[in-house]
Every structure is written in C-alpha cells, then in structure tokens.
C-alpha cells in the first residue's frame, strides 16, 4: 500500500486530483461527464475532449483570447490554450489557471473520504526504471518542473535458503522495479532510454480510419527526413523533439470543423506520426527518469481529418511471444509454455492486491508439446523412492537447499528440514551446492518427470481403451459422417497408443442399442440389439470390449461394413441417454476414453432433451443464462459417474438443427474431455476436418487416469479452478484423460494480510499412467518474487495469461448472468486497472488528456475488445446460434494461451503478391494486417486464420486470370462458393496457395483449419465468415477499436 500523503518518509503529496471537480457520473458506463484537461504542445494547458463530455469547448489562443474549438457533442466546458494565433469571438468566459502548467488553487479540490484515498494514493513520481506507457503525446509543458522529493525506501533484505537471485535492480531504492536501461541514480547523466523498451504510444483515430497496410508498425521515435533539435533540452533525460514542432508556433490556423465521429487529436501533425516526440521541456528534469510516450485527446489544429491515428494503435501483428524474459531472472523455473502467472510479481499485502483489479492467477499447460531436443527429462529414483517433503509433500526441485554437509534438505514450499536418504546423499561444495547438481535433472531443471513406484498405484496401470458410441439414425446417415468416422478409425488402428495392450469396443444406437461382439474367435462381428431402454443390460459382458491386437480382423470387418449396415435406416430417434448408461457398464472395470458421435437431439429414453432457445422473450432477461446451462441434470450426473470410473468423454456433434450442446458438453466438461462441433456437417466439405481431428484425438499421446495438484508457498493459495476436470477435493483435479491440447487456469488469493516471504514458489504435479503402462509424475516448478510496489506488478504482467484467465471467467459468467453483464465485467476490470495505473503516474507528470498504461499490457485493451466480440460472448439471440455459442464456450475453457490469443486476434495476410512473384517467400510476421475492412484491397486476395478455420477472401477487382488459376474453377459458372473445395491444381498459383496453407497449418497441428472461400460482396457469407470477425471495425452495434479506446480513456479518467 502506498504511504499516506502526510507521511514523512517519502514526502509524497496528497492524492492526485484533476483541476476540475468531476460531474456526477451517469449511469451508462461509457459516457463520462467531467471535462478532461490535457496539455498542448506549446506547453499551455489544453482541453482534451472526452467524447460526449459537456458543453461548448473553449480554449485560449496563443494570444490569450478565448478560442472556439469543435464541441464534440459535449456537455461541459473544455478549456485549454491553443497554439494558433487565430482569434474567434468569445462565446463564454474561459476558465483560467494560475499559470500554464500550475494546478488550480486548493479550493477546487473535491473532498475525499479516507477509503478512496488509500486506494488511489500514488507517489508523486514513479520509481526510477518503471516502465510506463502513456498513450499519446508529449510529457509535459515547457517550464514544468517536478515538484516533491523522493527518498529511498529501505532495501529489502536478501533471500535466505538460496532461492533464485532477487534482481538487484528490482529491490533498489524507491522501487521494486529494475530500471530497464541503467541502474544509476536520478542525478546521473544517462542517454535517453529507448522508447521500444519503455512502452508504446498510440494515437487515436482520424475519424474511424483504420490503418493502411503500409503503416501497421508502431511509429518510429523520430522522422528520417527532419533532424532533431537535441540542443533544446538536456540530452540525458528528455526525448528528442521534431524540428517541425517550432514551425507550428505562430501559424495562423482556423478552428477545425466539428468532427463527425468523436475524435482524439494531437498536439501537432508530426506528433500524430511520431508520438514519441515531445516539445522541449524546461526546468529541472533530474527527477524524471522515464521517457513518457503519450497521445493527447482532442482535435489537431489545422488538420481536417480529426481524430485518432489508427495506425499507431498497438496490435500484436508479430504474433504472440512467450514471456521468456523471466527465465533470465529465474533460470531454474520451468519454461513458460508449462506455467505462466498473470503477473510474475506477487503482491506483498491484501491492500496491494486490491489495487491490482486484474485476475491474479496462473495458466497451466502440463503436457504442452515441446520442440525437438527440449524433451522433459525422465528421472527414476529406483528402490529409494521419490524424494518428497514429509510435511507438504513437495517434490524435490531446483529451489530446495541442502544443509548439514548434505545430510538434510530444506523444502522451498514449507521450509521444513528433511533428512536426505543415504542412497541420495552427496557432499556439498564450498558454495553449499551439491557436487552432483548438474548431473541431476530434478535439481537443475524446472520441469522433470519422475517414474512412480508401486505405492502411487491404486490398481495396476490401465491399458489405453477407446470405446465408440455412434448415432446411426437417419440424420447421421444422410449427413455422411458415419462413413468418414469408420474410415478414419480404421486408418488409425495401427497408430493407437499402447500396442499391444490397447482395448477397443463399439456401440451404435438409434431408438435401440446395438452391441457388437468382437470376440477374436469370430470371423465376422455379431450385432446384438437391445430395445428395452428402461432396463439396460449387457448381452455379452465379456466380448464387447476386446484387445485390438487379438481381434484386429473382426474390428476391420465391422468398420468396413458399418456405413452400408445402416445406409437404409429410416429411424429418426436418438436414445443417447440409455446408450451412455450402457457404455458406462461396459467400461467401468477399466476406464478409458469414450467418443460420442451425435447427430440429432436426444428425444427418447432417459436424458431426453427438448428444443430450447426459440423463445426470443427470454433474451436480455435474468433467465437468459438458463439456455446456456444443462437443462437435465442427467448429463452432469453421468459425467460424475464417468470420472469416478476414470472415463473421459469426447463429444462430436453434427447437426443442422439444435442439439443442445449446453447439455451434451457437460459430459466433456467434467471428465477432462473436449467438444467438437460441426454445424451443418456435409461429408464433401467437412470430411478432411473431421478425419484430421478424430485421428489426432485417437493418436496423440494421452495421460490416463490422472490427477493434478498445484502446491504454492506460504501465504498464498489457489481458490478457483477453470477448465475441463472434476474437482475431487479443494485442490485435487481429477482428469480421467489429459493431453497436450488441454490447459487449465486458476485464481490465486493471499491467505495473510501481509506476506512474510520474499519469494513464492509454485509446483504443478500431474500423476498419470502413460500409454505404455508406466505410472509417472510430471512436475513443473517456478518461483516469483514478492513485491511491495504496484508498478512492479504491472511491469511483470503477462497479457497472455491475463486474457486466458479472463476468457474462462467470462465464459463461466455467461452461465449465471446475461451476456451483456459478462462483457461489462471484463470492461470494468480493464478500466479499473488502467485507472489505478494512471493514478501512479499521470498527475505528477501533467498527463491530463492521455491514456496511459504499462508496456507489458499494451495489447490488453484490444484483446478484451476481441473477447467481448468473440462467438461465446458477442451480441444476443440473433448474432450466434445457441449451439455454436455453447460449443465456443466449451472450447475456450481448454485452450492454451497461444491458441486463445490466436482465436481472439487472428492473422490477416495478403497473399496475391506471393502467388505472382517468384522469389518472395511467405512470412507471416511481416505480412500480418490490422483486423479492419480498411485493410482489404478489392484488387487483392487475403487469408484470415483464427486457428480453427481459414477464410480465403477474394476482392471483387481481383484479376480473373489469377482467380481462376488459383482456385482451378471459373467462378462465373460456379455461383455457390460454399460448396467449393480448395484443392491443389496444376497451375503454379494453386501450388503456392496450398503451400502457404500447409505452412500455416503446420504452425498449429492441434486443429484442422477448414478453408472457406468468400467473394467480396457475397452476402450473407462474407458478413458472417469474415466481416463480423474484424474486431477493429464497428459491427452490429459493437464498438470499433478506436471507439473502444475512447470509452476506456473516458472511464479511466472519471473519478
């Protein structure tokens, strides 16, 4: 918690308050009331209009005369000083300041209550290397000098017991945050910090104009064509100023016309393009270490296209990068692909955590795929058994310390001193490290896999087991998925893991249940039909589940005959509930994986479901969420039985009509499974996608009969868990099966008011049976520092982990609240966080009219906007079919961070140039474009990749020669592009296109991206497939990126 304003130690002034008292806050969260005061490039205070803000805008010209500015539909006065010498007739007396940069007299400060004061109190200056990213414009006016003094805080003592080194710079005076470029004191002369290391600046739009493809990258800190005027200010602390800044002084500029869409503006034209450039700053700058980059809010003098420069808004156009920087500080941590914290700096107190506002937690991906050569090492302790703490059961890891000449070791989680078994003993060197530490992966690697002895087994390790529950009603046969499923299973039999122990079985159903006898002594399988759905029994209990190696010829015969066996079936009923009960009876002895293929709404027997969601009156009411939760408790009860018997359920749903994914998906949700949804499945179009995803499901390495627990150090604990699992106790996740495509998120809380340790350790342990029948424990260990400074938490924030956890929270929120409430909650968390960060830095640096945020969270506003526009959360009844919304929600609950970010912010690439040119190789990072219709050239060809599908967009003015040679068909005689299958043809253009598609697919093997070809202007397909997913544009009543930034800015300004 920050010290009070009257405390002696740091001489921090009172809570920063804007010069004008805020008007009463209206009920709408997006409409702010009070005026926002910004700073003009000339240094005088300039009004910066928050949209819909309040009354005529009045500003002072350079000569001091009131000058009218565009009123932006605004209710209150907008005051400031203008650069221009132009005078206009006064419309109302301006509000005057005591000086260009001095705040109003204390009488204008509103009264505050103590609780608010404690929450938002911030030091007058940020600590020396704190990474601060204000959005837009220069730091402060000429002549402004820092006020107040800074005194060092007591240095945090070094960490005992040999934990990872605490950054010396991190724990330096005045802050827990290391200066990124230098560790010298304020008074030392230093070169100006690099803007790219400190933060990003965003310029708000000229109207709603999105960026052009040529100007997507964040702007350079200075112009190439015009020299900098270095002599105007001390070189050691102040950013360079653009020469043309002076050219604006004295120019006569007419008042800009009123904007059409609420704009943000600039201090000068150059600063729109080079927002890192500020005017010269006079006065004493010794206390200002950070180079602020910001963008002002208001119209630019003399510029017709008002508003925000959309080109400089931050976008993750270079793809997602894992935060491996933490490994430089904690090299013994597991790789971030396995475990990521939402901030790698744990707050030291409850009060500090209360000011964080974003979720504090972790995202765990225990079986994440690793590049070749980086496999997790396997350790076998043999008869000695695994070395664990006898109190908290932590596994030995790189952060334990050895004492007493190597005869004892201290647990890093609970600090208990444990004896070292004789067979594990090793002498210590002069520094207290074991002499064999480099030869023992468990003491030198953050991730390791232990071979578990027999005491870790409740029963003998189970064999891999696959049981297929297949709907064969008339809709299944008509859609064609039965043939695709049979062929795919048959092609994968040789690759199923666990040979020769693998077990397999089949049950088909319509209004009756069909059991298949696969006994190895048979030449052909036998089908036994059970029609009594109320009293299920197994006709041949011992021969329904067989060893694949022994009965391979019978299984092949069944799969060959399956499509033709039911091709004339006219039965329209589906008895899924009784079929699930039968499957449980078959599998209960061993466990395994149950794959359910369902093509119609279950309407007979136990678990029958009814059509929901067609009553429009329920949307927007408090009962809306009931459509997204299971209607019948039967499916959740069955999921609990499956989990108890170590059975994981994967649901494959195919239907043109409603099948109640909300209910069926709960089978996967509570058993560690997955929902695969193929709406309007047609074999000619979807067979590749189904075949690939089913094959991956069957052949990827799977951890069977698993349990997972996360231990953490003293003072913190995990409180909520999010993903697909069953919570067996308060912290034990039951996972009948888990694989490399499943990730889990959890929230963290502090147990004590004040933390007493300086480092918190986390250890993920996954106990499982491998397909080869070996019991193993995969262990990931990580450490994080405890900090007393909120700025440090922001500096070590991880946007990917935050948005991954936020997404799961939002999806779960839709199960108990309206969609609108879930979206508002995400926005509220974002606004509170940015407001808190603003309170740390804004006022003491005169950053009134700028949106400020840390460099680490520069993409967070865009990701939250994309989350609100995602299929799971956007709109209401008419925007997304209910089944697709529920399937998307189930999908988001298991995604890894990388796939989640790709889904929220897909790649958009222009590829026609690659097809035409011979030498140019396709490069995703250099080609990615902003997700806006303004990025689409009607003369070009684009590919949109969200990790689950490809949209091939054809501009209406694209060359017919290029078009026909790429697709292999003449589009003039092929009107329905939804039926077009994209295949490789003889022409070079076609080969290059398929090469690009294959390259994109190889980057994410967890899913098959189906190609959809769409022509510009082809409605409604263009709108539903592509335009509604361009998150930067305004669609169906939702905000565009620019408007979203304005809303966030206004709300973070409001008191």
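Each Cβ is built from the backbone N, Cα and C atoms, and glycine gets one as well.
Where the annotation comes from TrEMBL, it is an automatic prediction and has not been curated.
According to TrEMBL, the region 'Disordered' annotation covers 1-214. The compositional bias 'Pro residues' annotation in TrEMBL covers 16-27, 154-166. What TrEMBL lists as compositional bias 'Polar residues' is 45-71, 79-89, 167-188. Residues or ranges marked as compositional bias 'Low complexity' in TrEMBL: 109-122. Per TrEMBL, the feature domain 'Zinc finger Sec23/Sec24-type' maps to 386-424. For 461-697, the entry in TrEMBL reads domain 'Sec23/Sec24 trunk'. Marked as domain 'Sec23/Sec24 beta-sandwich' by TrEMBL: 703-787. The domain 'Sec23/Sec24 helical' annotation in TrEMBL covers 798-901.
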Proximity verdict for the domain 'Sec23/Sec24 trunk' (461-697) and the domain 'Zinc finger Sec23/Sec24-type' (386-424), three or more C-beta pairs under 8 Å: no
Same-chain residue ranges lying at least 6 outside the domain 'Zinc finger Sec23/Sec24-type' (386-424) that approach it to Cβ under 8 Å: 161-164, 332, 432-434, 442-446, 448, 450, 452-453, 711-714, 761, 763, 765, 777, 779, 781, 783
Mean of the pLDDT scores, which run from 0 to 100, over the domain 'Zinc finger Sec23/Sec24-type' (386-424): 96
DSSP helix/strand/coil residue counts for the domain 'Sec23/Sec24 beta-sandwich' (703-787): 0 helix, 59 strand, 26 coil
Residues of the domain 'Sec23/Sec24 helical' (798-901) by DSSP state, where helix covers H, G and I: 69 helix, 4 strand, 31 coil
Within the domain 'Zinc finger Sec23/Sec24-type' (386-424), residues counted as helix, strand or coil by DSSP: 6 helix, 11 strand, 22 coil
